[in-house]
Amino acid sequence: MAPLRPLLILALLAWVALADQESCKGRCTEGFNVDKKCQCDELCSYYQSCCTDYTAECKPQVTRGDVFTMPEDEYTVYDDGEEKNNATVHEQVGGPSLTSDLQAQSKGNPEQTPVLKPEEEAPAPEVGASKPEGIDSRPETLHPGRPQPPAEEELCSGKPFDAFTDLKNGSLFAFRGQYCYELDEKAVRPGYPKLIRDVWGIEGPIDAAFTRINCQGKTYLFKGSQYWRFEDGVLDPDYPRNISDGFDGIPDNVDAALALPAHSYSGRERVYFFKGKQYWEYQFQHQPSQEECEGSSLSAVFEHFAMMQRDSWEDIFELLFWGRTSAGTRQPQFISRDWHGVPGQVDAAMAGRIYISGMAPRPSLAKKQRFRHRNRKGYRSQRGHSRGRNQNSRRPSRATWLSLFSSEESNLGANNYDDYRMDWLVPATCEPIQSVFFFSGDKYYRVNLRTRRVDTVDPPYPRSIAQYWLGCPAPGHL
């Protein structure tokens, strides 16, 4: 027995050393560490790379102040002293407000530049991209071969949109004809619309757009038989490419596209393409690893999704985002059969951000709260500087947790919603809900991804794009 004692001591020491190496003790703020076998950063839950003691050492107490609590197209103003509106909502809504110092922050930080930036001084129409904001459109004298710009765009014309997508920094872009818009927390950002060719280096109109929800957050624009891929606003080398080369089985001249995340790093990202009365589901073969994304700014949209993995909703995420086991394109299906309440043909589509039901104020508190500010999409980094990333890459206007709505209900001038019945706001359980937006003509629909049915609200869907997304006046309020 005595000869075994030294071996036992050595084994115990080895176990202690290994446990120390694989522990999160003292590592919770170091970020991703390529030299370690397990990780202790905020995204390790998504990548399934956490050390065994991550929860005990690093995971903060679950608080619901760092998540969205409503879909982005619902925002209610609770104000006892102002005019009542006769609209009553029947969806799960409620949420934090936009802080009033955002615009001051934007003005006070001129060094925080937009993500999009030119690839070269004067790019040809299809090989570069420029900043969407902060620089003047290039004079036509720099491009004598270009056609003259089309007639001035009318914001509230009611014409259909070609595409909607949110960029990796949380900015929301809408495309219509030759022009694109950037939408902020209220309506359209100052200086827009701009010609698509002056912002993205592509001659408009485009057919569809989406941004992948992974750590890289690359944006894809589709036109005819080709597609363009951008990273941090710069066109990737060797683009444009044929759709048939990059998305086998997807037709040319698509009408719309929307992207969904993988439920975890072991899952697959999906994109839905829509054309005519049919849609196609495409699954990506790979998603970038955490190590591959260390050299670039992290997608704020993906970061919000990935950090929600810490709150033990794995089963629900699998239900929402679990795809087929094989990558590639699925056979086309009919829109009207699988997306209940959506018209048989759509012009544009976009995935909304995930919000958490069951977090709205109780009826007794609802009318005491005043939510003065509103926003369609808003993401804030929870990571600090632990990864050594450039935190200025995100738009100042989307640098804090904003309210969960677009400007739908909040942009109706003096109409206030202080007569809501709030009992429906708090369901029996608290769980994530993913919305999908479909745009058709001058109207849009919001669909619950889990049920694939149009949400029931009053006033009902479809609703006006111009009124609720662009800040145009409601009929009778001109």
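Quick reminder: no glycine exception, Cβ is built from N, Cα and C everywhere.
Screening Ser100, Ser244, Ser397 against Swiss-Prot annotations picks out Ser397 (annotated as phosphoserine).
Looking up Thr63, Thr76, Thr165, Thr219 in Swiss-Prot shows the phosphothreonine annotation sitting on Thr76.
For Cys50, the partner cysteine in a disulfide bond according to Swiss-Prot, taken from Cys44, Cys58, is Cys44. For the residues Ser137, Ser266, Ser289, Ser326, the entry in Swiss-Prot flags phosphoserine at a single position: Ser137. In Swiss-Prot, the feature phosphoserine is assigned, of Ser130, Ser157, Ser410, to Ser130; the remaining candidates carry no such note in the record. When Tyr78, Tyr227, Tyr445 are compared in Swiss-Prot, the sulfotyrosine annotation sits on Tyr78. Here the candidates are Thr69, Thr88, Thr329, Thr456, and Swiss-Prot annotates Thr69 as phosphothreonine.
Taking the C-alpha atom of Cys293 (disulfide bond) as reference, the shortest distance to any of the disulfide-bonded residues Cys28, Cys44, Cys51, Cys58 belongs to Cys44. Taking H, G and I as helix, E and B as strand and the rest as coil, DSSP gives the domain 'SMB' (20-63) the counts 10 helix, 2 strand, 32 coil. Looking only at the repeat 'Hemopexin 2' (203-250), the predicted model's pLDDT averages out at 95. Across the structure, Cys58 (disulfide bond) and Cys28 (disulfide bond) are spaced 5 Å apart at their Cα atoms.
Cα separation, Cys38 (disulfide bond) to Cys24 (disulfide bond), rounded: 9 Å. Of all the disulfide-bonded residues listed here (Cys24, Cys40), the one with the fewest other CB atoms within 10 A of its own CB is Cys24.
Assigned with DSSP, the residues of the repeat 'Hemopexin 2' (203-250) fall into helix, strand and coil as follows: 4 helix, 19 strand, 25 coil.
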